[in-house]
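This report refers to the structure that appears directly beneath it.
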Amino acid sequence: MSESVRTNTSIWSKGMLSVIVAQFLSAFGDNALLFATLALLKAQFYPDWSQPVLQMVFVGAYILFAPFVGQIADSFAKGRVMMVANGLKLAGAAGICLGVNPFVGYTLVGIGAAAYSPAKYGILGELTTGDKLVKANGLMEASTIAAILLGSVAGGVLADWHVIAALVACALAYAGAVAANLFIPKLVAARPGQSWRLSAMTRSFFCACVVLWRNGETRFSLVGTGLFWGAGVTLRFLLVLWVPVALGITDNATPTYLNAMVAVGIVVGAGAAAKLVTLETVSRCMPAGILIGVVVAIFSLQHALLPAYALLLLIGMLGGFFVVPLNALLQERGKKSVGAGNAIAVQNLGENSAMLLMLGLYSLAVLVGVPAVAIGIGFGVLFALAIAALWIWQRRQASY
């Protein structure tokens, strides 16, 4: 079975399509579950401060399990790892449905998500190679963003109708993802026979961090993707603060619609990157990264809804064009040095650490009373400067 997969590297192979379907259902469940669980917290009269804590336990699972999930992904067939990880998500969602403390259930979902991520991206490099890997990443990102859009809306709409029905729908989505994983052919483990002692696994993970950081291309990818996803999460919270101030709109729906425009743009940008960027021309994505910051700063000055929608769509397009080639570069180079699973686990550690750091700085700015518009302008300028510095650094490294 594995041999047939290795010879059929088409991005439309049965194995690849199964991965994409499983990813869509799993990401759909993740996003629907967030809004359904938030509705449950409100219905059970949890305090307002508990809502960000729910996101923190999810992100915290990524950071806590980062030293171990990469080795797990590389030590077993990645399709089976994905199936078990989705099973953990299913157990967490089902537990919340049955009355388990929502923070406990959501933590279990976070552990499943942490284990799932290195396997889902690592398997792309085993099902296809070379320039097709960029296209496969584009498909993965497009399915993820589509799931984010549909899952977020479905979770909110169903929760308004019936909270338990929304939670059951999330569990069914995870069950569908488990079923889709069964159709992924069983591939040979990438790096079997590694030590399972916690000390050895931790040491191995941090050795992988060092190896990837010392390589100019993978260091470039790690920093770029970390900056992008950290900025993306911060922008989501910034919109909630910015909309009432800049647009005078106080409902809860408008920030959600604006976030949706970013997601739609990412799908378009990811598709463009798949056609226009190869592993040999990854640096083509860097101007898009700089422009993200520029457009965020311009967006922050808007006072009308239509230009805001258009600029956020553009931000998403630039973001998709920027991040997809960087993901593909890390998978290809990481697979050859530390294993794709370990490479993605290191990437997850960097991205989630960046999320916590940027959200912390954002919260500090809000706490000291910096206006929302000023935060947006400063955020955009700093992001553009950071990506420009990364590009200059990468070009200097390449010239040595």
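Placement of Cβ uses the backbone N, Cα and C atoms for every residue, glycine included.
Look at Swiss-Prot and you will find 19-39, 53-73, 91-111, 139-159, 164-184, 195-213, 227-247, 257-277, 281-301, 304-324, 352-372, 373-393 tagged as transmembrane segment, backed by sequence analysis.
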With a Cβ cut-off under 8 Å, give me the same-chain residues at least six positions beyond the ends of the transmembrane segment (53-73) that come close to it.
-> 34, 37-38, 41, 81, 102-103, 106-107, 109-111, 113-115, 117-119, 122, 190-191, 194, 198, 201-202, 204-206, 208, 338-346, 348-349, 352-353, 355-356
Beyond the flanks of the transmembrane segment (352-372) by 6 or more, those residues with Cβ under 8 Å of it = 59, 62-63, 66, 226-227, 229-231, 233-234, 237-238, 241-242, 245-246, 300, 378-379
So which of 91-111, 195-213, 227-247, 373-393 is most in touch with the transmembrane segment (304-324), counting Cβ pairs under 8 Å?
-> 227-247
For the transmembrane segment (164-184), name the stretch out of 19-39, 91-111, 257-277, 373-393 with the most CB-CB pairs under 8 Å.
-> 19-39
When you check the transmembrane segment (19-39) against the transmembrane segment (227-247), do you get at least 3 Cβ pairs under 8 Å, counting only pairs 6 or more apart in sequence?
-> no
List, by number or range, the same-chain residues at least 6 past the transmembrane segment (257-277) whose CB is under 8 A from its CB atoms?
-> 134-135, 137-139, 141-142, 145-146, 148-149, 152-153, 232, 235-236, 239, 243, 284-285, 288, 308-309, 312-325
